[in-house]
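**Q** Okay, so Swiss-Prot annotates it like this:
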type     : residues : note
COMPBIAS : 9-22     : compositional bias 'Basic and acidic residues'
REGION   : 1-29     : region 'Disordered'
ZN_FING  : 80-102   : zinc finger
ZN_FING  : 135-157  : zinc finger
ZN_FING  : 191-213  : zinc finger
ZN_FING  : 219-241  : zinc finger
ZN_FING  : 247-269  : zinc finger
ZN_FING  : 275-297  : zinc finger
ZN_FING  : 331-353  : zinc finger
ZN_FING  : 387-409  : zinc finger
ZN_FING  : 443-465  : zinc finger
ZN_FING  : 499-521  : zinc finger
ZN_FING  : 555-577  : zinc finger
ZN_FING  : 611-633  : zinc finger
Amino acid sequence: MEIQFNYESQEHHLLSDGENKTKIGKPASEEGITAKIEPLTEESSSLRENVLQDSEGREFCEFGDKLNEKDQNVFKRRPHNCDEYGQSFVWNTGLFRHRKTHCEKPYECDKCGKAFSVSSALVLHQRIHTGEKPYSCNWCIKSFSRSSDLIKHQRVHTGEKPYKCDECGKAFSQSSDLIIHQRIHTGEKPYQCSHCSKSFSQRSDLVKHQRIHTGEKPYTCNQCNKHFSQSSDVIKHQRIHTGEKPYKCDVCAKAFSQSSDLILHQRIHTGEKPYPCNQCSKSFSQNSDLIKHRRIHTGEKPYKCNECGKAFNQSSVLILHQRIHTGEKPYPCDQCSKTFSRLSDLINHQRIHTGEKPYPCNQCNKMFSRRSDLVKHHRIHTGEKPYECDECGKTFSQSSNLILHQRIHTGEKPYPCSDCTKSFSRRSDLVKHQRIHTGEKPYACNQCDKSFSQSSDLTKHQRVHSGEKPYHCNSCEKAFSQSSDLILHQRIHTGEKPYLCTQCSKSFSQNSDLIKHQRIHTGEKPYKCSECRKAFSQCSALTLHQRIHTGEKPNPCNECGKSFSRHSDLINHQKIHTGEKPYKCDACGKAFSTCTDLIEHQKIHAGEKPYRCVQCSRSFSQLSELTIHEEVHCGEDSQNVMNVRKPLVYTSTLFSTRDTVPGKNLMNAVDY
């Protein structure tokens, strides 16, 4: 582009400008001034401002190399020198205007009072107030207040990068970008913070840094009024509200709201980990991860909570911790009313609604909704247990399990219930417990109408529909739908009874059996019927009792359609159809279909007669015999029967359906 320049008119214009020292509210000839500054259009905005406010002579120096050969020769002759700064000028007027910059700023804005040493700078400044943007882009609808800004912008369309680094050959579209880039090679950091010893290569970085000291957050989100110290942060934040994800992965089409997230994501595909630790052999895909990792070696915890003094090695962990004190939960689910203190918790929660499980196990094809769950699951296959307890040496596959285990030694229960006096060592136990108070059952079965308070209960229940039994016994090949059932079953083979009663010498294979047994000693009956207020020591006994009031008989026979309130009654009934008599008398070899029939029969051999007639004091070994005898006493009240020794009632819980032999458990009968 050849620049046409009229030296005479320019010199005359500068002289007339120099003579006019009055305050300018309205420039006498804006067109003339605009024409004068157009040769500077190749300069960056930051440098241009310095040129216009420093000296007219420097202005000519900047564009002189764009002129033709004849005009360049004119610029080589610079007889007018500044004694103070040593600068040279082609014309006297240039030197005159330059000297004014040492002391004078005669051009003042009538809107805000800001003063300038040259009129052209005032003209540009006034466009801030007027909003005037006279320079339009031919490629798009954008307009600019300065021609230099237009030229820079047009390079977006043309791809022109005229400024090249001598060190590495990298090219830039703006000279200011080249200057900043060259500071990488020189190490120059000319912008120093007045509050601390930090220096910066860019002024904008210094401005951002100083907001750490001042606490200034000038950028506000118009959706939620959240404040930010950097404009880029508010732009990123607003994408939470809009859902915009403009950065897409070429490999898997996953989209991201931030370009930095895309770059990090792409390293999953490439496997690139460019940040190695110099203390150990670990490498990281993110520099921030390396910095965090190094604190493991140094033990540094630079982030301290103002509320409780607790220190953390990561700022993000401190922010999450502070939400315990503030109760802030800034991440709401758009499917339900739940809110979360962490974005990762929201993402994991949303997979409950979508059913998404993006993390497959390459050993067994099991799918997981969270990557951390996959990592934990892998340890089942590898047997790895990297977390060891300092107290007892026990090892764990998960760090969370070690932390929970250590609370056995310390007795710590940091999660108290706000509704009662109970405390818990695990937060998950508190959440489950609170559902007793609220009655919440958030986990619904999609096969039937049943709901559950815990997700694990739903998973177990769904196996009733699917028939899945993923847990196999190595000793007898028996399969179970629940891992807990397998563990209990394996104790049949091992004979293990790890739960000891402190009141007597009895041991139990299940903790639940110990708890039930201990109620014999305490007399506790915590389960009360809401209909008749009768109390029971076991929940299962209450459930069976309530069916007396409701008439519910949920156990139907497939052969004849007869229904029963108890599953054990159904099993006994089905033996009528099959003819099965698994209970044999040791004394005479007679077989019976139910255990109760065997017990009644054994009283004959023992000579036991617990049923006595109140009319004649005669005793009988079986209740049926007493009933027949009572018919002898005609007209007598057949209901005046005193059971000298109340007969034992046997339930399905007494003879565990989990592979135990009922004949060996006769002493486990309970009275309910």
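The backbone N, Cα and C atoms fix where each Cβ goes, glycine too.
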**Q** Near the zinc finger (275-297), which same-chain residues lie under 8 Å Cβ to Cβ, leaving out any that are not at least 6 residues past its ends?
**A** 264, 267-268, 313-314
**Q** Any residues 6+ beyond the ends of the zinc finger (219-241) with a Cβ under 8 Å from its own?
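**A** Contacts of the zinc finger (219-241) (Cβ under 8 Å, skipping residues fewer than 6 from its ends): 208, 211-212, 257-258.
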**Q** Do any residues of this chain, six or more beyond the ends of the zinc finger (331-353), have a C-beta under 8 angstroms from a C-beta of it, and if so which?
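**A** Same-chain contacts beyond the flanks: 320, 323, 369-370.
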**Q** Short question: which residues 6 or more past the ends of the zinc finger (443-465) have a Cβ under 8 Å from it?
**A** 432, 435-436, 481-482
**Q** Can you tell me which parts of the same chain pack against the zinc finger (387-409), counting only residues 6+ beyond its ends and a CB-CB cutoff under 8 A?
**A** 376, 379-380, 425-426
**Q** What mean pLDDT score does the zinc finger (219-241) have in the model?
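**A** Its mean pLDDT is 90.
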